[in-house]
Amino acid sequence: MKYIQAFMNNFLGNSPDWYKVTIGVFLVINPFIFWFHPFIAGWLLVAEFIFTLAMALKCYPLQPGGMLALEAVTIGMTSPEHVKAEILANFEVILLLMFMVAGIYFMKQLLLYAFTKLLLRIRSKLTLSLAFCLTAAFLSAFLDALTVIAVIISVAMGFYGVYHKVASGGTFNDPSDITNDAKIKQNMETLEQFRAFLRSLMMHAAVGTALGGVMTLVGEPQNLIIAEQAGWGFKEFFFRMSPVTLLTLISGVVTCITVERLRLCGYGEKLPRKVWGVLAKFDRAHEEQMTTQDRVKLGVQVFVGIWLIIGLAFHLASVGLIGLTVIILTTAYCGITDEHAIGRAFQESLPFLSLLVVFFSVVAVIIDQHLFAPVIELVLNASESVQLLLFYIFNGVLSAISDNVFVATVYINEAKNALTAGAISPYQFEMISVAINTGTNLPSVATPNGQAAFLFLLTSSISPLIRLSYGRMVYMALPYTIVLSIVGLLAVEYVLPGMTQWLAQVGLIESPHIPMTSVFGH
């Protein structure tokens, strides 16, 4: 009995007992359900994995989700070879997480300096929210959304750390455990207000990455896949999407203003005066203590930042490799040569990278068990008059459950097969391509598992500090989800066809412009 108790204490560590039992039940019943009905077992596994993400603040999803994925491979729901194929297919994302996030860590001195100035000068919360949302949207149109979120997380961690040290009775330079609130007594209410303030900024920025990412060829990984199948370059892709994306960008800005003014769904909390005072004092102290060497370091980081933007905007190398150059340049010219100091930069990204590989295992199960097959068949067999609506709706729903890159890849391949077989016209294929791209990018803000950037935010070290749980992310994203989904749907149905014809008439796009090449597999 003593050993059983010890085993249960070790199993999933400090997680609640009910959570441990729930995961144990999942592991016991899954093989039996798979033996009885593989299709049901596949959907159950997806639901269980989403449950582990929803409980991320109770237990990091890597361990429970990893055990579920490991069991799925063991009982034959998918194969190790297929999991490896999914990992290789997403190798660019893996490189990005390994190196780019670590690279941003070494630029946090510049980021904290710049954003502290921004925060202190813009006193209006509404203006600040719009600044975060639109800046994230602009950057995500040219950079990767994960990179943008990594920057925002680094900034938020810096702000939180500065105030937490002072609220705990320390000074700016004191070492402090920012996860421990035990020393905070009088300032607890202010800290909660500051957490709400940071939560709202983080969510505005996260949604901003989706608003900007959908607009351009390089904004999201699935955009490249869709553009390759349709034969669109950077300019044509932008104009093809513009009838939908410009409307959703405007509606996103209006939503940002509305939720802040009406204080809806957890938005509207202003920066507490006490916190502003602490940050202002920190900024003054930082300026006074800054040596010539420190200013040179900031200058180096500015030049590396310029290289980062140019490298990503012009695709001079893969995102991950550009991230590696950022690590090399910042550490070399800022004098960071200690192995342990370099190693700390990877602490944020590697747990999430491991979780993402587990997620690819679940995607492999979805493919092998044909979980989306009935939906795909339904959409492709529908009449042309409702096809665009169905493509948009089902891409949106499935992207909120699964990974939007995977959903977009499956649907664009099926649509290309239908085109090759003569089931749909070239013009209809082009309309469908826009519906797939906007459908996977916009409604997927509904849940953290829809977009890798959202999932990264949920599982980052800032989320437990500011109490940003899965449920709270869904709740705070709700106004954006409703508005973007509806506006996107109406734009696809009523604005897209007419605007596409007008854009073709004025020579901004070519129609149809589709290379009749063989369809690649996923």
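Heads up, the Cβ atoms here are built off N, Cα and C, so glycines get one too.
Keep in mind it's a predicted model, so treat the numbers as computed, not measured.
Per Swiss-Prot, the features are:
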- 25-45: transmembrane segment (TRANSMEM)
- 49-69: transmembrane segment (TRANSMEM)
- 87-107: transmembrane segment (TRANSMEM)
- 128-162: transmembrane segment (TRANSMEM)
- 201-221: transmembrane segment (TRANSMEM)
- 237-257: transmembrane segment (TRANSMEM)
- 302-322: transmembrane segment (TRANSMEM)
- 356-376: transmembrane segment (TRANSMEM)
- 388-408: transmembrane segment (TRANSMEM)
- 446-466: transmembrane segment (TRANSMEM)
- 476-496: transmembrane segment (TRANSMEM)
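Against the transmembrane segment (201-221), the recorded stretches 49-69, 388-408, 446-466 differ in Cβ pairs under 8 Å, and the greatest number is found for 446-466. Tertiary proximity for the transmembrane segment (25-45) is limited to same-chain residues at least six positions away from its ends with a CB under 8 Å from its CB atoms, namely 67-68, 71-72, 75-77, 362, 365-366, 369-371. Of the ranges 49-69, 87-107, 237-257, 356-376, the one with the most Cβ pairs under 8 Å to the transmembrane segment (446-466) is 49-69. In this chain, the transmembrane segment (388-408) lies out of contact with the transmembrane segment (128-162); the count of Cβ pairs under 8 Å, excluding pairs fewer than 6 apart in sequence, is fewer than 3. For the transmembrane segment (237-257), the partner stretch with the most Cβ pairs below 8 Å, chosen from 49-69, 356-376, 476-496, is 476-496. When Cβ-Cβ distances under 8 Å to the transmembrane segment (388-408) are tallied for each of 49-69, 87-107, 302-322, 476-496, the top count falls to 476-496.
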